[in-house]
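**Q** Attaching a single structure in structure tokens format; questions to follow.
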Amino acid sequence: MTGWVYGFALIATIASVTYGAGPFIAGFLGMESSQNLTITLAIALILIVTAINFGGTKLLGRVAFFGFVAELVGALIVGVVLLTTHREQSFGVIFDTSSITAGGTSYTTAFMGAALIGLYLYYGFEACGDVAEEVENPGIIIPQAMRMTLYIGGAASLFITYALILSVADIGAVISGENADPIGQSLTEAFGAGGSRAIMAIVVVSFFSCALSLQAAASRLIYSYARDGMIFAQKSLSKMNPKTGMAPTALVTAAALPIIFVLTDLFLPGGIFRLVAFASVGIYIAFQMVVLAALRARMGGWKPSGKWTMGGAGMLVNIVALAYGLFAIYLMLKSYGIEGGSFVDNYIVLVEVLIVIGVGLVYMLVSGAHRKSDAPAGDAMKK
């Protein structure tokens with residue numbers, strides 16, 4: 001079930017990232033953004049990353065690394081420039097409530113909404129584990145890669161976020177909605193039209209790199225589940241090209257499904273936002289399914305014997321991680337509610353979660369797929 005939920009969340013995330021990239025690509029190309037253009041650019045981006053993924057794991061690694069470096073360097077440069085030449089707020093502004101409660105708004109509600117920033121910044125590090133089967137000595141390398149992703153990627157994300165907050169001249173205007181694009185305004189004022197376009201290029205590279213990695217992860221998940229006999233069409237989906245190290249049918253599936261998601265916006269305006277709303281919360285639900293299973297095993301006496309463990313702190317970290325994850329899921333579900341909105345607007349994410357999990361449970365029970373895998377489980381299962 002974890003893989004089922006995670007797989008759908010990855011597919012939804014690919015659609016979300018590529019569709020979100022559309023306006024930025026249009027801006028970089030000097031084109032006026034529109035619904036049809038955004039859809040066209042999103043599909044084009046999906047096809048481009050699919051072609052690169054078909055090129056094999058070596059090409060994927062090179063392109064993904066270039067994207068990572070471009071993102072990191074770009075974030076540092078933008079952050080330093082904003083802090084040194086365009087700082088409008090004091091460094092203590094993050095402790096200022098900005099009179100948010102003046103209009104009767106609950107401070108707790110506002111704080112919980114702001115906490116979503118952290119949930120989205122520290123996100124995606126699990127991608128390191130998606131390629132564990134292709135890494136030598138994964139028991140050591142994967143945990144190290146995850147920690148470096150959190151340390152470096154997280155620090156860079158916090159830095160650029162802090163710099164952007166400090167560069168906003170009138171935070172009250174942002175809160176009231178008077179300034180609907182504070183980031184764009186700050187970047188234009190700090191870098192000018194030409195500089196803003198260069199930053200736009202970095203943003204486009206970030207979207208591209210993200211979509212590329214997400215699709216690679218999704219195709220590997222589909223392939224591995226098919227290989228282990230866990231899903232339908234397993235014979236076709238489990239075919240592997242030994243020359244490139246890619247599963248062609250699984251990769252095509254990881255391209256076709258996001259394209260279908262994107263195309264729904266043609267027939268149901270705003271439909272894609274409802275479909276991809278499941279993306280973030282789905283990822284966190286998949287995380288917590290693993291964390292909960294680990295906690296259950298620990299309470300049953302399981303002692304991790306892998307090459308990398310947390311020792312005596314493992315149980316405490318497990319409990320804190322589960323509490324954090326459940327709170328994150330609650331915040332995400334709550335954040336989509338709109339005061340006075342329709343049932344669909346307020347509960348669409350919850351409905352999508354229930355549908356994905358419900359269909360997965362029915363398929364699992366009817367097909368008995370969960371009993372077919374003979375994949376190694378290490379010491380985490382009773383013999």
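Note: Cβ is positioned from N, Cα and C throughout, glycine not excepted.
No curator has checked TrEMBL annotations; they are predicted automatically.
As annotated in TrEMBL:
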- 6-30: transmembrane segment (TRANSMEM)
- 37-57: transmembrane segment (TRANSMEM)
- 63-83: transmembrane segment (TRANSMEM)
- 150-175: transmembrane segment (TRANSMEM)
- 195-223: transmembrane segment (TRANSMEM)
- 244-263: transmembrane segment (TRANSMEM)
- 275-295: transmembrane segment (TRANSMEM)
- 316-335: transmembrane segment (TRANSMEM)
- 347-366: transmembrane segment (TRANSMEM)
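I'm curious about the neighbourhood of these features; can you describe it?
**A** Note on the transmembrane segment (6-30): residues 37-43, 45-46, 197, 200-201, 203-204, 207-208, 210-211, 214-215, 217-218, 221-222, 225, 254, 257-259, 261-262, 265, 272, 275-276, 278-283, 285-286, 356 of its chain, located 6 or more positions outside it, place their CB under 8 angstroms from a CB of the stretch.
Sequence-distant contacts of the transmembrane segment (37-57) (same chain, six or more residues past either end, CB-CB distance under 8 Å): 14-15, 18-19, 21-23, 25-26, 31, 63, 134, 207-208, 211-212, 215-216, 219, 243-246, 248, 251-252, 254-255, 258-259, 262-263, 265-266.
Among residues of the same chain six or more beyond the transmembrane segment (150-175), those with a C-beta under 8 A of the stretch's C-beta atoms are 71-72, 75-76, 78-80, 82-83, 86-89, 91, 93-94, 96, 98-100, 117, 121-122, 124-125, 182-183, 186, 190.
A Cβ distance under 8 Å defines the sequence-distant neighbours of the transmembrane segment (195-223), meaning residues of its chain 6+ beyond its ends; these are 3, 6-7, 10-11, 13-14, 17-18, 20-21, 24-25, 27-28, 45-46, 48-50, 52-53, 60, 63-64, 66-68, 70-71, 74, 78, 124, 127, 130-131, 133, 184, 187-188, 231, 237-238, 240, 246-247, 250-251, 253-255, 258.
Same-chain neighbours of the transmembrane segment (275-295): 1-3, 5-6, 8-10, 12-13, 15-16, 19, 119-120, 123, 126, 261, 264, 315, 318-319, 321-322, 325-326, 328-329, 332-333, 336, 348-349, 352-353, 356, 380, counting only residues six or more beyond its ends whose CB sits under 8 Å from a CB of the stretch.
Residues 112-113, 115-116, 119, 280-281, 284-285, 287-288, 291-292, 294-295, 298, 310, 349-350, 353 of the same chain lie 6+ residues outside the transmembrane segment (316-335) yet bring a C-beta within less than 8 angstroms of a C-beta in it.
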**Q** Mind checking which residues reach the transmembrane segment (244-263)? Cβ under 8 Å, same chain, six or more beyond either end.
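**A** For the transmembrane segment (244-263), the sequence-distant neighbours (Cβ-Cβ under 8 Å, at least 6 residues beyond its ends) are 10-12, 14-15, 18-19, 39, 42-43, 46-47, 50, 53-57, 134, 215, 218-220, 222-223, 226, 233, 236-238, 272, 275-276.
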